[in-house]
């Protein structure tokens, strides 16, 4: 992994996780005597991912950790010396050795914010050479984190508020860094938990999981537990031989379900018993190792009823193949009738979890009204973001020495907005979002109830808006290398993301053909763009 530990034992990326041309440009700045000129870059995206109308910002905490720990080691400088021209002035490498972020300031959207095209996720200011070197690692830290958080938010919108979503994609992710990042930011985006224990240990993500088919198929049925006895949940009364009790319950279950007692797989039942002895208060069954109807379900019921007799309650079952929606419906019906038949009514409410390469289409089916599915495990389709594998974030220069800079290209979409800017969110009276406004930092902030002439991006004429509420978007998190505003916890950012999404209009939440959320420019910013464009950015 391209990580090292900071002074608090947390993982941070290393400075050389960057592109070579950052170092070659750095040498160019230094040779031109411009290394220490004050500059500002903005990190943003041009199009919302997945064909949607919004994105969620993520990765800010990782960026601040990276900046606070930034320092090139001797080995880093020696490597750069080996790939730069051999006649490079040694004083340049001494300059690199002395670099830190003590003159860097960062304004940013709070983590978990709604973000829209062109609005800066980060504004990074400091010495030109240094803030140029920061481009690639900051993009790396923000782009994928925001993409995964947005993907998770979309999946949460499809699932609705009541289904529990489990991220289980570590084994399918693009490497350990990708898996770790996905586990953190799918949680921020709205998932309930992750199977990734490292994300739980290092970042506090709630961890959850079931069991795999390998555990079940490893048992033949001839295994004898070293201690088959299980005490009641209340600790009152004698311990019971659990395997023997399960076998007795299996007779009743098979008669009730119309099965022969030899049909349920002996090894599967032994596996369930072993798991129940290890986790009597958290017993769950994976039902499809052999046959759900003829084996997994009756074996699970026998163990669950034996545990229930001792005062324990099974916590769930999982399905991993077949028609998940239909099977869940059938299983819920059996749980209901078996619970009533054997006076264990809690059985009706045992959660049913499903997994099996679930994508947006299948998730919508599993989340439909009347579905008996409670927990949905998603792996590949959350961590790999198959509908769009990259967020497309960019990091562009907007000012040097206090003078605005613009990039003019052959594609109007790729032109940049010059100058140091402020961003505001306009809301209507009921609290839903109206539009975002970008203006020059030197302009007075807009006020609620004030009529403003603004330019919607791409418009040929200005329009007038009158916001009921105005919220500033960018906050100062790092000032001259020192923390300014405390970073929220992951839990706080997750809650903020859900609150932010709740204020988005339904037309903007649509996952297919959504309404476009508008981002506008102030008249002064639009005039600056026109002026610099006409002059060719001279």
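Any Cβ shown, glycine's included, is placed from N, Cα and C.
When Cβ atoms from all protein chains are considered, those within 10 Å of residue 318 (nicotinate binding site) total 24, not counting its own. Per Swiss-Prot, the feature nicotinate binding site maps to 21, 210, 318; the stated evidence is similarity to another entry.
Contacts of residue 213 (phosphohistidine) defined by a Cβ separation under 8 A and a same-chain sequence distance of 6+ are given as 286, 289, 320, in order along the sequence. The phosphohistidine annotation in Swiss-Prot covers 213, and the record cites similarity to another entry as its basis.
According to Swiss-Prot, the feature 5-phospho-alpha-D-ribose 1-diphosphate binding site maps to 380, an assignment based on similarity to another entry. Taking Cβ-Cβ distances under 8 Å and a sequence separation of 6 or more, the neighbours of residue 380 (5-phospho-alpha-D-ribose 1-diphosphate binding site) in its chain are 169, 172, 357, 386. DSSP assigns residue 380 (5-phospho-alpha-D-ribose 1-diphosphate binding site) to a helix.
Within 10 Å of the Cβ of residue 21 (nicotinate binding site) there are 12 other Cβ atoms, across all protein chains.
The Cβ of residue 210 (nicotinate binding site) lies under 8 Å from the Cβ of 284, 286, 316, 318, 353, 377, each of these being in the same chain and 6 or more residues away along the sequence. Binding of nicotinate is attributed in the record to 21, 210, 318, and the widest Cα separation among these residues amounts to 50 Å.
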